[in-house]
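Q: Following this message is one structure expressed as structure tokens.
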Amino acid sequence: MKSQDIRNTFLDFFEKKEHLIVPSAPMVVKNDPTLMFVNSGMAPFKEYFLGNSEPKKNRISDTQKCLRVSGKHNDLEEVGYDTYHHTLFEMLGNWSFGDYFKKEAIAWAWELLTEVYGIDKDLLYVTVFEGSDDADNLKMDTEAYDIWKQYIAEDRILKGNKKDNFWEMGDQGPCGPCSEIHVDIRSAEEKAKVDGKTLVNMDHPQVVEIWNLVFMQYNRKANGSLEVLPNKHIDTGMGFERLCMVLQGVQSNYDTDVFTPIIREIETITNSSYGKDEKVDVAIRVISDHVRAVAFSIADGQLPSNTGAGYVIRRILRRAIRYGFTFLNQKEPFIYKLTETLSNQMGDAFPELKSQERLIENVIKEEENSFLRTLDQGLLLLDKVIDDSKDKTIDGAKAFELYDTYGFPLDLTQLIAREKGYSVNEEGFKTEMQKQKDRSRAASASETSDWVILKEDDTEEFIGYDTLTADVKLTRYRKVTSKKDGEHYQLVFNMTPFYPEGGGQVGDKGYIEVPNGDVVYITDTKKENNVIIHITKNLPSDLDDTFKAMVSDEHRRLSASNHTATHLLHQALRTILGTHVEQKGSLVKPASLRFDFSHFSKVDADQLQEIEDFVNARIRENLELEEYRNIPMQQALDKGAIALFGEKYGDSVRAIKFGQSMELCGGTHVQNTGDIWYFKIKSESAIAAGIRRIEAITNVAVGDYFEDVEKQFESIKSVLKNSNEPVKAVQALQDENANLKKQIEALLKDKAKNLKGELKNEISEVNGVQFLAKKVDLDGAGIKDLCFDLGSNMDNLFLLFGSETNGKAILSCYISKELVAAKDLNAGNIVRELGKHIQGGGGGQPFFATAGGKNPAGIDAALDSAKSYIE
Ligand code: ATP
Ligand code: MG
């Protein structure tokens, strides 16, 4: 069965079991500080499990893009070395939110695997949770055991410990026992030798877990205790690539049709072959895996960068580049060439790969180029480290610097060192690594207490599109202590006018007023797993009061102005530069706006002017806001609304329209484009290959800007003695300056000519050599000219000149070529020795050399000893 059919069969099966099929959520997580990337199928549904919002249906199924390269799940270092762990993989899943539980989950998993996919029962093992005698004191999951018994022989049901059979989302939150399904795809011969049972969960490449059924029945609280959940849930995850391996009868995920087209392409491009040499195979697996992770991230809007999620992506790509560099001998960019194959192969299931193929290709190519340069520098540094090493070992701290700054992992440094007969101090490396981990843990450490629930009013209503003030009641709060923000509280209200950070727009600020007139300031508003959280230093005195919530009017008004201007800018770019322009990021705050977009060349000054004029024309048209709240996604798209890749949209969306501009958007906007006043572009730049950034201002900021410009202009005029024509005045100054320069050059030439004449007379014969050692008043270049000038007129010349400029000493030595040979003299050696007098050093060629030093007082001594060289 082809992988495409395997995926569809899964989804069809659960659709028939009344599940709603939903598309994969974007891989990069935006609304959850505890998670950078989706790392399991359940992550996009966290808000349902936490009870923060209601799913559209209580049975859902999908295939979810997952990335396991950071945090709790990090498989990165395994990838390439084994045959069944990837960075990016698809997790097929089915979910019950308070609906069916263990009985159905197990029955359907079994039916799908054995009857629909036709996997032989004798290949399968299952595990159940054995219980724990630690603080949780949990009993064995006999419920699951008894259900499994109906389908599979009891000697194939294995009991597992907490590590393998108790699943937790994080330190806090829903959790529960799980049952894994494993397959044994070894040959009959192997099976006869070793019983499959003993290999389950033992990291055997042919006895692997394919599916995990999690039975969520507890909630883990901040103090570590467990409480039983009122509603029980099912969360299952099956590795798509591993399932393909089983169904296609191969022994490695990389031999399935998910990977073979990319591997063939790598073989062609790099002129290598897969399956002959383990080192080459590892490299090919690494590259075929990593290119997928990187391409999917870029398609989701996450570009490689120096921080956060972008940095993780950069490191994945660099890992691939390194393996290509070291084991496939690729010194030029080549990974970008795989983009097309990938998009042809996966583009049907993930259309974002197709539509952004060119961008993905460009970004990868540029990253490859710049990292290959870094690699070169790193190799030079490594050479130097090796040269400097006295005991044939490389210091752990140096190896760590190579790792941290140049992306050289320890194994690469070791490999290169070994080739030269050196070893690396591994302990030292590990110590440095640990130090860095401790530093970053300390920097991000935070402590979050459980929510204190005041009212069971879970659905918090956002009313901030219509009003900036409201009477609100606190429904829950918690205390958070973090290194970054110190100790603070997070408040949740029954309703709120505060806009939470999102869609590029910063969160609202403001205050809540308690009945006695005191105020508590809200310093920021955020959304976390679909709950709006208000950040404050202090709790209100009486938590049960009704508070008056007030959003800062100015903060909101200016943010709205910049947000609407951002939409108009987007429209202008697509109109003037073309519809290939796609939003790649935006930041909307009261003071300014920033907009990143795909475009392949610099936007020139004329185009920028045109863009600015376009936006200002829309502002002057006084276009009214047309807002469509809660309309079906498809209806919005049919009306021409623009949606962004990498955004997680609900089933019903909000669309914002001003004239011809229409976007899906949750942000806040002005009522009329006239409220923006004026739009001014401040800068245009590149932030990555194929991605440009425009920074701009609107509203009062434009007034401030022009005021500044005017002030500067006035001060320029006053420097120019209040000339009424400052441009002419500056031009006159420039002309005058150019004239003066010419005159100075002519004077200097004259001076050198005179000097030459004088010096010629001072040259005396010593031991048959025309000799002169003297201090002169010329710079380095002037002395050089002088030496060669004298040298072209006289033979057997030995000259040593000293000079002083800006407190620094220079010694220059010239020796006629015939003297160099006849008397075995070397100007380079001479200046190096004499350089000691001026506390400096230098060198050059045997007939001309220069030394610089910081002690002009030593010049005379140096000149005095010159004669000794020819005596
Ligand atoms: P393993 O022990 O093999 O690493 P896991 O216990 O980490 O698996 P789960 O977190 O339960 O796996 O994920 C559910 C399923 O997703 C697994 O049964 C497996 O089929 C698949 N899976 C997990 N990690 C990876 C990965 N890195 N690459 C490919 N598939 C994976
Ligand atoms: Mg794992």
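For all residues, glycine too, the Cβ spot is worked out from N, Cα and C.
No curator has checked TrEMBL annotations; they are predicted automatically.
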Q: Ranges 514-549, 550-585, 730-765: which does TrEMBL label coiled coil?
A: 730-765
Q: Using the CB centroid of His563, His567, Cys665, His669 as the Zn(2+) site centre, which other residues of the same chain sit with their CB within 8 A?
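A: For the Zn(2+) site, the extra neighbours are Ala560, Thr564, Thr566, Ile656, Glu663, Gly667, Thr668.
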Q: Report, as numbers and ranges, every residue of the chain located at least six residues beyond the coiled coil (730-765) whose Cβ falls under 8 Å of a Cβ in that stretch; write 'none' if there are none.
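A: Contacts with the coiled coil (730-765): 720, 771-772, 774, 776, 778, 782, 785-786, 789-790, 793-794, 797.
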Q: Enter the number of other CB atoms within 10 angstroms of the CB of Cys665 (Zn(2+) binding site).
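A: Cβ-Cβ neighbours of Cys665 (Zn(2+) binding site) within 10 Å number 26.
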Q: Counting every protein chain present, what is the number of Cβ atoms, excluding its own, within 10 Å of the Cβ of His563 (Zn(2+) binding site)?
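A: Around the Cβ of His563 (Zn(2+) binding site), 25 other Cβ atoms lie within 10 Å.
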Q: According to DSSP, which of helix, strand or coil covers Cys665 (Zn(2+) binding site)?
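A: Reduced to three states, the DSSP call for Cys665 (Zn(2+) binding site) is coil.
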Q: Do any residues at least six apart in sequence from His567 (Zn(2+) binding site), in the same chain, have a Cβ closer than 8 Å to its Cβ, and if so which, in order?
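A: The list for His567 (Zn(2+) binding site) reads Ile656, Phe658, Ser661, Glu663, Cys665, His669, given in order along the sequence.
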Q: Limited to the domain 'Alanyl-transfer RNA synthetases family profile' (1-708), I'd like the whole-number average of pLDDT.
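A: Per the prediction, mean pLDDT sits at 92 for the domain 'Alanyl-transfer RNA synthetases family profile' (1-708).
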